[in-house]
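Enquirer: Pasting a structure below so you can have a look.
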Amino acid sequence: MSVCHNYTGVSEFFIVGFPSLQPEYFAVVAWFFFFIYVTTVVGNLLLVVVFALEQSLQKPMYIIMVSLALSDVGFATVALPKLIARYWWNDGRLAFHTCLFQRHMIHYFGSLNSLILWTMALDRYLAICFPLRYPTLMTNQTMTGLTLFSWVVAHVFPGINTVNFSRMMFCGSNQIMSAFCDTMSFTPLVCGELRRHFSPGYGAAMFILYVPLGFIIFSYICIIISVLCCSSQGRMKTFSTCATQGCIIFIYYIPRFFVYSTPFFPNLTMTPDKRIATTLFYSILPPLINPFIYCLRTKEIKQILRHWWLKSK
């Protein structure tokens, strides 16, 4: 492709995926991601259906779980179908504005999940540290308001970056060295100095990710201090829940920091394959396992699913 002097000269991009992957493994990789996509969508939509049909689940905790499930379905639907097509039919082409839209939605759902995890931590903090006041502090209306706020505000930082990218000039190759269009893969294709274009997006990502993470850590510290005064059975149940959620939070936040920070730390280097694998790990694993962690570990949902199963038999 010839060198472009402005973005209008770029008619399409091509999703490369793993640069070192040999063609004989393309079908295996396509089936692997297809299985992940179907499992993610079915598992999360099952939670949404259970919530919609069972009046007993109309509670703040389940409202935020449904919000997380819908966000996970949205992210998987934005990210995976084109990657599957890339390895199944070698169809990695994306029109310029389609790629720009995918980049926006990838970072939108990333920001949204961060805000949802913050809301979930707030709900657990109020429920455990202020159990008597919790029913009045966290009502269905309050949780619905926080959820809608998260879904709207999550557009702000990705939207600003999307507008900026739409005005930039693109030079050289049109190949996206990633599994999908995102800031890390988009920025190297922009004309001019890399750090100048990447710094605003990096700052926005750090803010939307780690301000909620700071509150999450604070809330868990308060929860741990509070449950130390409970019975041993209550402590074990709470610690088990916190440990499970802590694993998801660790997977979601920590690898992101290293991937986003590599352009600013010369000693922190990643090959394209390692960066793509790390990105897929923290992006796809949480949506895949969230239904099992937040639903199958919940007594009410397990009882409902068991009742449905026995009724069908």
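Heads up, the Cβ atoms here are built off N, Cα and C, so glycines get one too.
In TrEMBL, annotation is done automatically, which means it is predicted and not curated.
So TrEMBL says this about it:
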- 43-294: domain 'G-protein coupled receptors family 1 profile' (DOMAIN)
- 25-50: transmembrane segment (TRANSMEM)
- 62-85: transmembrane segment (TRANSMEM)
- 105-122: transmembrane segment (TRANSMEM)
- 143-160: transmembrane segment (TRANSMEM)
- 207-230: transmembrane segment (TRANSMEM)
- 242-259: transmembrane segment (TRANSMEM)
- 279-296: transmembrane segment (TRANSMEM)
Enquirer: With Cβ distances under 8 Å as the criterion, find the stretch in 25-50, 62-85, 143-160, 207-230, 279-296 that has the most pairs with the transmembrane segment (242-259).
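Expert: By the under-8 Å Cβ criterion, the transmembrane segment (242-259) pairs most with 279-296.
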Enquirer: Out of 25-50, 62-85, 105-122, 143-160, 279-296, which stretch touches the transmembrane segment (207-230) the most, going by CB pairs under 8 Å?
Expert: 105-122
Enquirer: For the transmembrane segment (279-296), name the stretch out of 25-50, 105-122, 143-160 with the most CB-CB pairs under 8 Å.
Expert: 25-50
Enquirer: Could you tell me the mean pLDDT over the domain 'G-protein coupled receptors family 1 profile' (43-294), as a whole number?
Expert: 84
Enquirer: When you scan the chain for residues with a C-beta under 8 Å from the transmembrane segment (105-122), skipping those not six or more beyond its ends, what do you find?
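Expert: Residues 64, 67-68, 71-72, 74-75, 78-79, 143, 146-147, 150-151, 153-155, 157-158, 161, 180-183, 205, 208-209, 212-213, 215-216, 219-220, 245, 248-249, 252, 256, 283, 286.
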